[in-house]
Amino acid sequence: MAIELDLQLAVEDQNGLPSAQDFQTWLDKTIPPFQPQAEVTIRIVDSQESHQLNHDYRGKDKPTNVLSFPFEAPPGMEMDLLGDLVICRQVVEQEAIEQDKPLMAHWAHMVVHGSLHLLGYDHIEDDEAEEMESLETEIMQGMGFTDPYLAEKE
């Protein structure tokens, strides 16, 4: 076992979504350098569920692209469960259009970004953001995608 994926599709229309293999590949290219074995749940949701979760857990009154919920094992308990990613289909699709990015590249970026959050990376402080964005770019380019922050740098 390397990275075990539990994929939950909580959207009515599943046409056009990345495949389970796509999600698995993106996890496999992101997590093992930091943690060789892990279990990750990816839940694809609609904007209503994303909005509710974003409100409940972050105090933000809107849907968001990806939410990361790291698993915190009780003291003394060893588990490979890394955590959950909740990705909002509508937000990802809208952002890809607005940012003029290929849709699959943006899906991959959300998995990479969320996975790094599960691994403890953050982007609250400038130096943290720089480190995290650099890792995201390196991972994305390693999978054949362009720098996800290219438009912001130009």
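Glycine residues also receive a Cβ, built from the backbone N, Cα and C atoms like all the rest.
If you look up Swiss-Prot, you'll see HIS113, HIS117, HIS123 marked as Zn(2+) binding site. Secondary structure at HIS113 (Zn(2+) binding site), taken from DSSP and collapsed to helix, strand or coil, is helix.
The candidate set comprises the binding-site residues HIS113, HIS117, HIS123. Of these, HIS113 has the most other Cβ atoms within 10 Å.
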